[in-house]
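These features come from TrEMBL:
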TRANSMEM  12-32  transmembrane segment
DOMAIN    36-131  domain 'AAA-type ATPase N-terminal'
DOMAIN    239-371  domain 'ATPase AAA-type core'
REGION    296-317  region 'Disordered'
DOMAIN    373-437  domain 'AAA+ ATPase At3g28540-like C-terminal'
Amino acid sequence: MSSLLEQLPSFTTLLSMYASFSALAMLIRTILNEMVPKRIQNYISTKFLDLASSCLPSDFTFIIEERWQAVLNETFRAVEAYLPTRIGPSTDSLLIGSNEPLNPRAPPKQRIPVDCKIVDEFHGMRLEWTLRNSVDSNKYFPREKRYFRLNCKKGDRDRVMQCYFPHIATTAQWILNQRETLNIYTYDQESSAWEPTVFKHPATFETLAMEPEVKQLIKDDLDSFVERKDFFEGVGRAWTGKSSLVAAIANYLRYNIYDLQLQTARSDADLRHILTSTTNRSILLIEDIDCGTKVSHDRAKDQEDNDEQQNSNLLSSTDPGVTLSGLLNFLDGLWSSFGDERIIIFTTNHKDKLDPALLRPGRMDVHIHMGYCTPAAFRKLSATYLGIKHHPSFLTIDNLLQNITLTPAEVAQQLMKSDDPEAVLQSFIHFLEMKRNLRDDI
């Protein structure tokens with residue numbers, strides 16, 4: 001042990017060696033600064049750092065924000081659908097809840113809470129996800145901003161971009177196609193955001209009281225819209241129909257519904273923001289477009305009334321509202337082409353009041369007249385409410401309906417009066433005869 005200590009250099013020797021090395025380093029540095037151009041120095045430094053970073057293990061972080069260039073980020077939406085399927089033993093927290101008031105024993109749904117860590121394994125890569133949120137304090141009206149952080153090894157960055165993110169998109173698309181519940185959204189003007197609630201409506205094309213030919217025409221057109229999504233780029237088709245038809249379309253396509261009242265849009269710019277806040281594969285519903293605002297009214301008819309003309313495009317002096325020009329651009333202008341697989345549906349009770357510019361092909365491509373109840377529609381209602389597809393009294397009812405105007409809602413009201421189908425049909429015949437007699441007396 002003593003011989004080993006004797007072989008070690010003294011402190012004075014070590015200090016002398018350090019001083020000599022420092023002096024040599026300073027000399028080399030001075031020579032390099034004087035003789036080697038700055039550009040070459042930077043190049044050598046960059047290459048050295050790249051070599052060091054490739055040899056030493058280090059992490060890389062992806063940031064996926066909820067919005068991307070003024071629209072909803074589809075990558076964020078895909079990750080939001082995908083991650084609940086990757087919940088495992090390493091997950092430290094969960095957000096659970098139920099939206100099944102009629103089935104309180106149903107297992108709760110799982111979602112990812114803020115600051116929850118999800119670990120995923122893909123092709124030998126370890127990937128750590130975390131949901132974060134922050135408040136944007138640079139705006140007059142602060143908004144919460146959500147984003148996902150994905151941590152991986154720097155060497156896996158290219159594989160994540162080329163393989164992992166496409167895998168997430170494909171899986172999320174399958175999940176969204178298989179979803180059991182749909183949402184209906186209403187726009188909250190105060191928060192400038194869409195507020196969702198569960199959409200549960202029993203209407204389907206099987207239960208819809210409508211002429212079979214018209215029903216098949218609509219289904220064929222919807223199938224064409226989905227199959228030719230590259231052709232129908234942009235906002236998509238604009239429809240004219242009523243609430244039950246909207247519900248049937250949503251259930252058929254498995255699309256969420258955004259229910260918009262035009263009065264909630266304070267300006268054309270606000271309308272554009274509302275449009276860009278909707279997701280792909282969705283229906284934008286604008287009900288009773290002829291009511292509440294004159295923006296959609298026929299300008300030629302409004303010209304007859306000077307007082308109405310002054311307010312035809314303005315809701316108030318301080319809150320201008322949506323103009324007809326803004327609404328037309330909303331349908332097929334430049335701002336209508338940002339999305340994919342969107343359908344706009346308008347409902348109206350007075351089509352004649354709408355401006356012809358709104359009704360032309362390319363803005364409203366399909367027009368469906370939800371008229372009075374026909375014999376075919378009555379048979380569908382009878383099968384739905386009474387469970388009867390054939391009955392001797394149908395011929396009498398058919399003859400009466402040919403001469404009487406009744407809406408499907410009025411017929412449905414009569415068919416729900418009793419649990420006895422025979423009594424209901426006799427009562428309905430009596431009701432139709434009374435309506436006919438009243439018409440003849442007039």
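Cβ coordinates are placed from backbone N, Cα and C, and glycine is handled just like the others.
Where the annotation comes from TrEMBL, it is an automatic prediction and has not been curated.
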Residues of the domain 'AAA+ ATPase At3g28540-like C-terminal' (373-437) by DSSP state, where helix covers H, G and I: 44 helix, 0 strand, 21 coil
Number of helical, extended and coil residues in the domain 'AAA-type ATPase N-terminal' (36-131), per DSSP: 31 helix, 30 strand, 35 coil
Per-residue pLDDT averaged over the domain 'ATPase AAA-type core' (239-371), given as an integer: 73
